[in-house]
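In Swiss-Prot this protein carries:
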SIGNAL    1-22  signal peptide
CARBOHYD  Asn93  N-linked glycosylation site
CARBOHYD  Asn126  N-linked glycosylation site
CARBOHYD  Asn181  N-linked glycosylation site
CARBOHYD  Asn425  N-linked glycosylation site
CARBOHYD  Asn430  N-linked glycosylation site
Amino acid sequence: MIIFKNLLKLLIILLTIKLYFCIEIKREEHLTILNELNENSDVIQYSILPGNNEEYEIVKGIQEDAIVYGYYMSNVEVNGWAYLSLVSNDKYNDSTQSRAFGYLEGYLTKDLIWNSKVNYYKNAFNSSEIPNKLDDWLTENIESIHTFIVNNRKSRYWNQITLVMDQINGMLDGYNEANTNSSETLSLHDFFVLNMFGDLFDLMPALNLDKEYKYFQKDLNDIQDWFKRSQHCSALIKVSSDYSELYSGHTTWSGYYTMLRIFKSYNQQFSSDVSGTLSKRNIFSSYPGALISVDDFYLLGDTRMVVIETTNSLVTNDLYHLIRPTTVLSWMRVIVSNRMSTNGKEWCENFQRYNSGTYNNQWMIVSYNLFVPYNELKDGALYVLEQIPGYIEFSDQTQALRQGWWNSYNIPFYETIYDASGYNNYTANNYSDSTIYYMSYQTCPRAEIFRNFAGYVESLEDFQSLLRYNDFEYDPLSHKLPFYAIASRYDLSKKNPSPFGATDTKVTCNSMIDQNTIVAISGPTTSNGQPIFEWNSKIDFMESTSHLGCPEKYNFPWVSFSDTTFRNL
């Protein structure tokens with residue numbers, strides 16, 4: 001009995017020591033994080049606490065009883081990105097967490113949001129206001145969402161949409177609370193528009209606003225001009241030849257005025273039983289005022305999935321009548337799908353619901369749980385979905401990935417989507433050979449460049465290099481045109497140069513997933529000696545393109561981002 005008591009005491013002592021060291025390790029990790037973030041004096045730490053009369057109290061530092069706490073670095077001159085990491089507290093209900101989440105982000109990022117709004121409205125609408133037709137459509141859409149929510153209170157899907165609305169309304173309130181200038185007050189519709197960057201490329205023509213707003217004009221006789229404004233990105237998913245590593249990466253194409261960037265980490269402790277939230281941790285490249293990536297590129301920490309898209313622009317006007325306000329916009333559906341899915345098939349099934357027919361993309365969902373180094377890829381490792389108004393198609397494309405890689409470059413893969421989107425019309429004799437060549441899934445320039453180089457990728461450095469690739473002067477596959485490249489540079493075109501092209505690259509791989517880490521770089525590519533982009537060196541662009549808050553010069557390093565740190569590499 002005495003021996004037993006002594007053993008019990010010893011066990012208690014050992015457990016106490018273990019607990020002490022666990023607490024100390026956590027404390028040391030936390031202090032390390034704070035020290036790393038505090039190396040830059042621009043880092044802000046705030047907590048949001050419940051106040052009186054349903055208001056919030058925002059305090060400096062990290063508080064244990066905070067609804068949400070976060071780290072924020074606003075200086076984009078450091079490495080081309082602002083940085084925001086927010087964590088909510090599961091002691092509070094989902095709605096309270098979500099609204100406070102949005103509120104703190106809106107409050108902290110107020111200046112970036114205003115600059116981003118000014119740039120987008122001036123460049124897209126040539127105005128400071130939302131077009132009336134679009135404003136009316138948004139009113140109908142938001143009313144429809146509220147009706148669905150009221151009529152589906154027990155639905156986890158609509159509970160998720162409710163949380164999205166809570167978050168965006170919270171962001172609106174936080175922004176306006178931080179704002180001290182009445183002329184810079186924003187509305188809920190403004191925040192919707194900031195999240196609808198991709199949706200608007202289809203919605204504006206559907207509302208017949210493309211003729212009024214040059215930014216959205218689509219001349220089917222000059223399809224490359226339309227692609228220059230609507231095409232969004234190159235992507236590559238690559239398994240190494242010995243199956244030791246699986247890489248996922250994405251290069252955004254966009255107007256250079258969008259290069260006011262922010263990397264975000266959301267840790268939203270919503271319930272799994274009420275809202276169906278299965279992935280609470282999400283790190284992604286983004287823009288001020290957006291709840292989504294827009295690029296899109298997400299690392300979902302809890303489900304070990306990477307979600308990527310590139311845009312498939314419609315080259316027909318025959319489908320726009322299918323776009324209606326009684327659906328759910330793409331930006332909302334991707335949030336819900338990210339939270340409610342544990343694999344690619346589930347993600348696709350969630351995303352296809354309430355198809356808005358806007359932001360018609362090819363989505364790639366990589367399930368790293370189905371990748372084991374040095375073993376054959378399991379079925380379901382890669383799902384690919386494509387959307388057009390009125391129709392969505394998806395399937396398991398793991399077999400294609402087993403051959404080495406999957407590449408994506410703004411041309412539809414599925415034949416039904418390709419034909420319905422109008423691409424098959426450009427094989428007729430009344431179009432030039434170059435146009436037909438550019439519209440082909442198999443022979444367009446990026447398809448050939450990927451085919452030429454992807455097989456040689458065997459390291460993270462190789463992967464990064466390919467996604468920044470532009471050697472248009474010497475690579476015959478580029479035909480001496482700077483936009484026929486993985487990372488385009490339309491500003492270098494001798495004919496009609498414009499401030500458009502590859503604006504970033506983000507990559508991750510299996511060995512980085514468990515650390516919730518993405519490596520990224522901001523700005524136009526300098527691959528193969530391409531010149532560094534500087535606004536001051538482009539006088540025409542300076543005068544015609546609003547780029548408020550953007551760095552003047554883009555010569556930034558690769559940066560490693562996680563949910564707790566960012567470091568220049």
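We number each residue from 1, going along the chain as drawn.
Heads up, the Cβ atoms here are built off N, Cα and C, so glycines get one too.
Structural mapping of features recorded in Swiss-Prot.
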residue : record                      : DSSP (3 states)
Asn93   : N-linked glycosylation site : coil
Asn126  : N-linked glycosylation site : coil
Asn181  : N-linked glycosylation site : coil
Asn425  : N-linked glycosylation site : helix
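Ranking the glycosylation sites Asn93, Asn126, Asn181, Asn425 by other CB atoms within 10 A of the CB puts Asn181 at the bottom. Distances between the Cα of Asn93 (N-linked glycosylation site) and those of the glycosylation sites Asn126, Asn181, Asn425 are shortest for Asn181. Asn425 (N-linked glycosylation site) sits 51 Å from Asn181 (N-linked glycosylation site), counting Cα to Cα. Rounded to a whole number, the distance between the Cα atoms of Asn126 (N-linked glycosylation site) and Asn181 (N-linked glycosylation site) is 22 Å.
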